[in-house]
Amino acid sequence: MPIECYYSASKLSELQDVAYYKDRKNGAFVTVRCVKRSNGQCDRIIVSLLYDNMDKSQIQINIILLHFYIFQTIEAFPQRHSTVKVRHGREYIQVDDYLSDISYWDIYVGSKSGVVHGHAMMFTRFDLYDESIKHNTLRGRAPQSGVCDEGRRISVIESRDFFVTVLTAAHELGHSLGAVHDGQGDAISCPAGDLFIMTTVTPDFDPEKPYSRNPWLFSECSVDAFSRVLKDKTCVQNKGTFFNWHEWNHYTAQTPGEAYSLDKQCQFIHGPLSKFCQDEPADICLNVQCTDPNTGECLDYLYNAARGTRCGNNMWCIEGRCVSKGSK
């Protein structure tokens, strides 16, 4: 049986503090309610920071965390179609089969939990795989415009490093809320090369290139799509209190970067034997390098530091920049 929790789900509120459940191989469900506000004051209730970056004059979306399940074993999850396979030494699951099982869970289990959610998001440490995608670059998937619709209000996310997990979660939820990929379909006027959240292009954080905040923002095309789709979705509420303020304040007193050292951040990605492998450079926010847990050598791949990671005297990392601690 899975572990079921309600208010304590706020520990996962920003979708950045993934370490809490990261050792669970099968995964964790997070159910959320999407709250749309077109005008007026925001009640500031459990808001996803990436969605909070949107122009409030157009639409405001608050992501309220309602509930989570942690599946401690593969047998605890109601699998009907998906099976764990081994490819090149790694365990993986065919993504569409996995989504089918998540849909089954949403219809026959999640909907009977007593918590009315607009979207259920599965985080997993298994590799997601799709035969049609080369080089296995798949990180998540969600049915298009599925928010509020039973069996389609779902997504699955590979739980990896902080930034990639956060970005993938925001991207797949964006599909559920109605956005397509930038540069395609209704978003043809928003080039994928601008590297907003709904791009299919992996952001290149080359320190030699000018900084861009776009990877933390939605394009105008995405925001327009959210406005069109959410106006017809009945589960999007405008008022309500769904969580414990005291607990929320307790768990958000520290940012993930304050709670977890750079060594720990590397261990979340590569396992307990990995470490941060260089001195803290000024551009650490975009250049976290980890050691190979098997050889101890520095890996070539660079990661973004978790939000709130120290990058200097009274400085921390926010959206890839090293800024004073008064900035959020």
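Placement of Cβ uses the backbone N, Cα and C atoms for every residue, glycine included.
TrEMBL labels come from automatic prediction, so no person has curated them.
Under the heading domain 'Peptidase M12B', TrEMBL lists 50-232.
Residue environment of His181 (Zn(2+) binding site) contains 18 other Cβ atoms, counted within 10 Å of its Cβ in all protein chains. Summarising the annotation, TrEMBL assigns Zn(2+) binding site to His171, His175, His181.
Long-range C-beta contacts of Glu172 (active site), restricted to its own chain and to partners at least six residues apart, with a cutoff below 8 Å, comprise Met121, Gly140, Arg141, Ala142, Ser155, Val156, Ile157. Taken residue by residue with DSSP, Glu172 (active site) is part of a helix. Annotated active site per TrEMBL: Glu172, in sequence order.
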Same-chain shell around Zn(2+) excluding His171, His175, His181, C-beta within 8 angstroms of the CB centroid, reads Ala142, Glu172, Gly174, Ala179, Val180, Ile197, Met198, Thr200
